[in-house]
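According to Swiss-Prot:
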- 1-22: signal peptide (SIGNAL)
- 23: phosphoserine (MOD_RES)
- 126: N-linked glycosylation site (CARBOHYD)
- 177-689: topological domain 'Extracellular' (TOPO_DOM)
- 187-384: domain 'Peptidase M12B' (DOMAIN)
- 296-379: disulfide bond (DISULFID)
- 338-363: disulfide bond (DISULFID)
- 340-345: disulfide bond (DISULFID)
- 362: N-linked glycosylation site (CARBOHYD)
- 391-483: domain 'Disintegrin' (DOMAIN)
- 454-475: disulfide bond (DISULFID)
- 469: N-linked glycosylation site (CARBOHYD)
- 570: N-linked glycosylation site (CARBOHYD)
- 571: N-linked glycosylation site (CARBOHYD)
- 628-660: domain 'EGF-like' (DOMAIN)
- 632-642: disulfide bond (DISULFID)
- 636-648: disulfide bond (DISULFID)
- 650-659: disulfide bond (DISULFID)
- 720-733: compositional bias 'Basic and acidic residues' (COMPBIAS)
């Protein structure tokens, strides 16, 4: 019977794959902006409906959001390790996904998650923006970037066929009436997704990262299917993390057939309406395959979809939406006969090339009504139990749900534990769990006293130490001085509580006299794009070339102050490279696999050029951060600075919220757990004024004395012997590269004239 059905197999031979950019902001279009989204608080404090103000390109947009649920309460992630299967409930909250619209733009769609900062997409009528938090979500800093658009050139595989439109859908598509939307009742499509090994690696080789990206795709798809009152529910996710379980190369019908056989053998016990295999292919000949109109036919409810190189999640969600639409009996639109309220309809063959909101056309709705009238949607009428709260598991070492504490198993907890291991509550007489990593204000199961420092400052002028409040075992959240506050005379600005000083880092590694190398050294070493000089690695473990503008934002290169070879401490696997460039000896080290984080990776916030800082390997303008910090701190009346929440943090002797009036009470800001600004910092300006007055008086006295003694000496001295000047010849600039792999290995030297 399967062979008889293959003639209805629909191949998506769409070659519009090109130059749709990767799903990270670093490879998006040139528009990229650092922003500070602001949540609009309401009196109800309900999280079911929330709103944000999001600035884009100097304009404020108000986004209204409604919570959406599309993970089943039995949702599991399946993985493989050396052939054995493991499954787990992912550590991902199910109640932080939202959909909504942008105020004043009736055809807009917002698809965002709030699990850790704001992450997702803002889709206007013909343009889309991605938004995601920077590394430290507590700073409220996000980046917003413009997604690819229809102007991008198309890249074709040299073996790919021309664009073909399917000719036989098994559905009547001509002369579609322009009927209004009919009343629809809610339907639920349970989906099981399988990710092949290549795509798993391409998306990050990390189960949490890949799971989050798949959920983002499902969220985008739901924003389109909401028009049909269809909710796409993710029931299970399988990651082929070690190797593929079936071959993933070949013709579309062959792959679909193999996946269908595998699905029937291995997914039987996992409830689902349809199963899809996502395959990574850099330049595929086709986009996917499925059986049109067979969603509720168990032996044919499957599909495969290709994920090309450099494709955005938004573009891939369009492909998957079209595939699911075909399975639901919805054919491709004929543009001259079908219309929708958007600039392009979702079932238009070229929809994936366009940014912005997309919707189903009148033709699509008629197709779907026809599909339902023939009982094609009977399997979609049962509503699965949705996962609305994270299920707490007592004994796993994580505090979840209503748990007060969780120290793990009985053996892990031990007899001295503050926590009851089987009930996850505190033992009688215990105030807190001192074994919990987050309980830095707890000792011997009791609260530490008020004012006890629980988190030291990273930098004197960019951070403030947190102290315990005496009534909680947890240290207050980390709040820093606002990013953009100038922390050094050279113009360096605060970033995430630190004052990134490359000279200081060089000195700490190589000793006194070592400073950040001149740009010529970065050109020489970073230009090689190898383990010594690069801007990180991509998803395929290849070194990323920094580009001329971003050379200083890769790996740190320093000047070397001595003639003794550098010996990395306690690291026999490290390799050292020296470069002699324009009379400077420059150095950098590859620490190899012995370190988890590269200590020479240039930190975010480090200065890379005039009025520019490094941000995720890119040299970007710092003007916005500086201006935002100045504007915020201007409301502190010169007696304080803004913190990372945009609230004045007052100098000693001044009271919040605006540091305008003196106070006898020591209170730095409205945020509890914070000391005042240090006294030496608060009185810095007054001290400078006093010292300046003293210097002026001393200078006047010294001048009077020197004039008197100078006149006397002038009489006694008739002439002065001239000194001869010695001249120095200067050699031409040369570049020398010396690589020392270890003390036992042979050293080599190459030279090129510049």
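Keep in mind that glycine also has a Cβ here, set from the backbone N, Cα and C atoms.
In three-state terms derived from DSSP, residue 648 (disulfide bond) belongs to an extended strand segment. Averaged over the topological domain 'Extracellular' (177-689), the predicted model has a pLDDT of 87. A distance of 9 Å separates the Cα atom of residue 363 (disulfide bond) from that of residue 340 (disulfide bond). In terms of DSSP secondary structure, the domain 'Disintegrin' (391-483) contains 4 helix, 16 strand, 73 coil. According to its DSSP assignment, residue 632 (disulfide bond) is helical.
Look at residue 338 (disulfide bond): DSSP puts it in coil. Neighbour density at the Cβ, taken as the number of other Cβ atoms within 10 Å, is lowest among the disulfide-bonded residues 296, 338, 363, 642, 659 for 296. Not a single one of the recorded positions 338, 570, 632, 636 has a C-alpha within 10 angstroms of the C-alpha of residue 475 (disulfide bond).
Sequence-distant neighbours of residue 379 (disulfide bond) (same chain, 6+ residues apart, CB-CB distance under 8 A): 273, 295, 296. The two recorded residues, residue 659 (disulfide bond) and residue 636 (disulfide bond), show a Cα separation of 5 Å.
Its own atom aside, the Cβ of residue 648 (disulfide bond) has 26 Cβ atoms within 10 angstroms in the protein chains shown. Looking only at Cα atoms, residue 469 (N-linked glycosylation site) sits nearest to 648 among the recorded positions 126, 340, 362, 570, 648. Using residue 338 (disulfide bond) as the reference Cα, a 10 A cut-off selects 345 from the recorded positions 345, 570, 632, 636, 642, 648. Per Cα geometry, 454 is the residue among the recorded positions 126, 454, 642, 648, 650 nearest to residue 570 (N-linked glycosylation site). Of all the disulfide-bonded residues given, namely 345, 454, 632, 636, those whose Cα is no farther than the 10 Å limit from the Cα of residue 650 (disulfide bond) are 636.
Taking 340, 345, 636, 648 as the disulfide-bonded residues under consideration, the smallest Cα distance to residue 362 (N-linked glycosylation site) is found for 340. Other Cβ atoms within 10 Å of the Cβ of residue 469 (N-linked glycosylation site), summed over all protein chains shown, number 19.
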